[in-house]
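A.B. asks: Have a look at this one.
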Amino acid sequence: MTDNLDKNYIIALDQGTTSSRAIIFDRDANVVGTSQREFAQHYPQAGWVEHDPMEIFATQSATMVEALAQAGISHAQVAAIGITNQRETTVVWDKETGRPVYNAIVWQCRRSTEICAQLKRDGHEQYIREATGLVTDPYFSGTKLKWILDNVEGARERAERGELLFGTIDTWLIWKFSGGKVHVTDYTNASRTLMFNIHTLHWDEKLLDILGIPRQMLPEVRPSSEVYGKTKSGIDIAGIAGDQQSALFGQMCVEPGQAKNTYGTGCFLLMNTGDKAVKSSHGLLTTIACGPRGEVAYALEGAVFNGGSTVQWLRDELKIVNDAHDTEYFASKVKDSNGVYLVPAFTGLGAPYWDPYARGALFGLTRGVKVDHIIRAALESIAYQTRDVLDAMQQDCGERLSELRVDGGAVANNFLMQFQADILGTCVERPKMRETTALGAAYLAGLACGFWSGLDELRDKAIIEREFSPQLAEAEKEKLYKGWRKAVDRTRDWEDHDA
């Protein structure tokens, strides 16, 4: 518990794919200080993505100092630090020197594709799915770690001698901030490694054997809300969650059936399924989320590949808008899309279709179609894809969506939010506080150290800026959605490939 009433602030460290951020919250969950620093992206080969772990730590440390200075407060006034992070990104370091043996291999990196293919050939795909809730894909940490051990000179031998440690970004930051005293991760991050059994809540010995990972290099796995240790300056480190799970908690989606959508370049949808690890029949991931006090809960996760990137395409390639914000104005100028559907399968289709050979297409063109209709169809495509995933989630878990909570850059678009409510037939809630990912980490840390009393107090702080209620008649809604599904079907299996 917090023993000093003068400790009136929580720091959330939000370590993302392109930048490190620090956000300071007061007891009312208001932002009182922020700082952000970008860091270098390294692309040594096509499909490879790396970060320098030392640069990640340096930028994250600097943002904390800068945010404190901006807020005009000292370390002594901070009750705790919460950490949220880009998930799956993999770091291996020497536990004596604290130096990485190789750059961090980023979640986007595809270098372990052949390792995944071999796992499938060896018949491990089904067990991986059942134990971890994940698909056998280079996205996740386990095959990245295997690649480092297999390809960095001396790494496997040193790991087997107990000289090297593994961690996702949360683990790396805590180890550095604690001066090498604490080697932990939380259940949400562990559930993204392809090495953690989400049912037993332990590292899976069979998977470690399959991947050839020495058990002693893995961190201890702990709940998302507890005091793990202290920084060298004496601040409690008290909350950890992967970025999407942190946003789910920041949105107070802690009961079964509650869901959030983060509208970014793509869209990340998570639905809380409570204490039930639901196995998806629709290609969704089963993952660990945070329960009411940061304990283990489960969630279904689905990703839409092209959300905000569709609007970027209108702006940068077609050049029919100058600014993403303008799309709301143009889409609202026409009463509907005039029968036009844009399926933005630029890189294939994600959940629930999983068709890498689908390609983007524009349907329903007539001489009466204007640019405004195409812009509107682009925004509508984001909402349609969200419904695709949420329908799959509801079918998988049997939970009816109570409302959809939203965050990310595109939620400022009122047209999109209203159409989202219309096509779902469900209320869409946009929070006043847009920093939901950082807020989730702050909440987890604050609950652990007694800064906030519990869920009721946090719910009181969850102010909805605007609720979008469905306004479309059921028959019209289903007619529009039927057209979308027809359009999607026409894009499937488009690119030539070997059967």
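The first residue you see is number 1, and the count goes up from there.
Cβ coordinates come from backbone N, Cα and C, glycine included.
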A.B. asks: Among G308, G368, G450, G454, indicate the single residue that Swiss-Prot lists for the ADP site containing T17, R21, T265, G409, N413.
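C.D. replies: My reading of Swiss-Prot gives G308 as the candidate in that site.
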A.B. asks: Y43, Y139, Y187, Y298: which one does Swiss-Prot list with R87, E88, D243, Q244 for the glycerol site?
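C.D. replies: Given R87, E88, D243, Q244 bind glycerol in Swiss-Prot, the matching entry from Y43, Y139, Y187, Y298 is Y139.
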A.B. asks: Quick one: of T17, T18, Q244, T265, Q312, G409, which binding-site residues lie within 10 angstroms of R87 (sn-glycerol 3-phosphate binding site), measuring between C-alpha atoms? Sequence order, please.
C.D. replies: T17, Q244
A.B. asks: How big is the gap, in Å, between the Cα of T18 (ATP binding site) and that of T265 (ADP binding site), rounded to a whole number?
C.D. replies: 13
A.B. asks: Which number gives the other C-beta atoms within 10 angstroms of the C-beta of Q244 (glycerol binding site), all protein chains shown included?
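C.D. replies: So the Cβ neighbour count for Q244 (glycerol binding site) comes to 23.
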A.B. asks: Considering Cα atoms only, can you say which of S19, E88, Y139, Q244, Q312 is the nearest neighbour of T265 (ADP binding site) among these binding-site residues?
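C.D. replies: Nearest in space to T265 (ADP binding site), counting only the binding-site residues, is Q312.
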A.B. asks: Among the binding-site residues G308, G409, which residue has the largest number of other Cβ atoms within 10 Å of its own Cβ?
C.D. replies: G308
